[in-house]
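Undergrad: Before I ask anything, here is the structure I am working with.
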Amino acid sequence: MSAAGKSNPLAISGLVVLTLIWSYSWIFMKQVTSYIGAFDFTALRCIFGALVLFIVLLLRGRGMRPTPFKYTLAIALLQTCGMVGLAQWALVSGGAGKVAILSYTMPFWVVIFAALFLGERLRRGQYFAILIAAFGLFLVLQPWQLDFSSMKSAMLAILSGVSWGASAIVAKRLYARHPRVDLLSLTSWQMLYAALVMSVVALLVPQREIDWQPTVFWALAYSAILATALAWSLWLFVLKNLPASIASLSTLAVPVCGVLFSWWLLGENPGAVEGSGIVLIVLALALVSRKKKEAVSVKRI
């Protein structure tokens with residue numbers, strides 16, 4: 001049996017730490033909106049994140065060879081500029097917990113895009129999960145009482161999830177055509193490309209003047225060192241030492257912990273209707289995760 005198939009306490013601990021790091025990053029992302037524009041922060045986050053990732057790449061002796069440009073740029077635009085940039089923009093007027101949940105609808109978009117572009121058939125359980133998620137989204141959005149600001153935030157958060165899902169399809173095609181591509185190298189180069197793109201966006205789009213408070217520096221340090229370099233290193237370690245089905249639990253745990261952290265630290269009470277929608281989305285995520293696990297077990301040789 002491979003190491004990834006065994007119960008590894010150290011890897012499970014790494015998964016817990018990883019989940020907490022990525023969950024708490026939503027709190028910093030929300031708090032920093034009071035001092036810096038969404039695109040300025042995303043650009044700086046990508047710049048420092050790329051710097052730290054390339055240092056990690058050098059320390060691990062992986063070399064600096066660029067990954068396939070076309071796919072890497074597409075992932076940078078969709079995953080980092082699209083997912084992170086849109087989520088940060090959504091947080092300007094939206095709550096951290098709500099934005100986290102809507103961004104983490106990504107697995108549903110992956111299922112839909114895989115059916116449309118990769119020819120993967122939707123199973124009955126996936127149809128059911130998508131219906132549950134759609135109803136959950138309806139309850140979270142509460143369109144009967146939305147104003148423009150909350151509607152804008154919700155749509156940006158959903159588009160963040162859509163963009164993230166599209167990046168997963170691009171990544172699948174990349175791995176199909178270049179199976180030996182190194183994940184850490186890919187992450188580093190796409191972060192560099194995203195830093196360049198977001199820097200241009202930040203220069204072109206008018207935003208609030210940056211108020212260089214300690215929160216901004218703490219948020220940048222947290223994003224670059226913990227949420228990027230350490231978290232991705234932990235993710236690689238977790239993937240190597242745990243089954244993919246267990247590693248994918250972070251897809252469920254991060255938005256849930258994000259909601260709990262925002263409730264506890266930011267006083268964001270979702271209310272009965274929105275809370276019910278969040279529960280339904282998490283249930284649907286669990287169903288999609290279970291179906292993925294079954295599909296992987298069938299396809300393994």
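Note that Cβ sites are derived from N, Cα and C of the backbone, with glycine treated the same way.
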Undergrad: Do the topological domain labels in Swiss-Prot for Pro66 and Phe217 match, putting them on the same side of the membrane?
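TA: The record shows them split across the membrane, with topological domain names that differ.
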Undergrad: Could you tell me the mean pLDDT over the topological domain 'Cytoplasmic' (290-301), as a whole number?
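TA: In the predicted model, the topological domain 'Cytoplasmic' (290-301) has a mean pLDDT of 44.
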Undergrad: What does DSSP give as the helix, strand and coil breakdown of the domain 'EamA 1' (13-141)?
TA: 104 helix, 0 strand, 25 coil
Undergrad: Contact between the transmembrane segment (99-119) and the transmembrane segment (186-206) is defined here as three or more C-beta pairs under 8 Å separated by at least 6 residues; is that satisfied?
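TA: Counting Cβ pairs under 8 Å, fewer than 3, so no.
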Undergrad: Considering only the recorded stretches 39-59, 99-119, 151-171, 219-239, state which has the highest number of Cβ pairs under 8 Å to the transmembrane segment (72-92).
TA: 151-171
Undergrad: For the topological domain 'Periplasmic' (93-98), what are the same-chain contacts with Cβ under 8 Å, counting residues 6+ beyond its ends?
TA: 26-27, 29-30, 140, 149-150, 152-154, 156-157, 258-263, 266, 268, 270, 274, 278
Undergrad: With DSSP, how much of the topological domain 'Cytoplasmic' (172-185) is helix, how much strand and how much coil, in residues?
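TA: Helix/strand/coil tally for the topological domain 'Cytoplasmic' (172-185): 9 helix, 0 strand, 5 coil.
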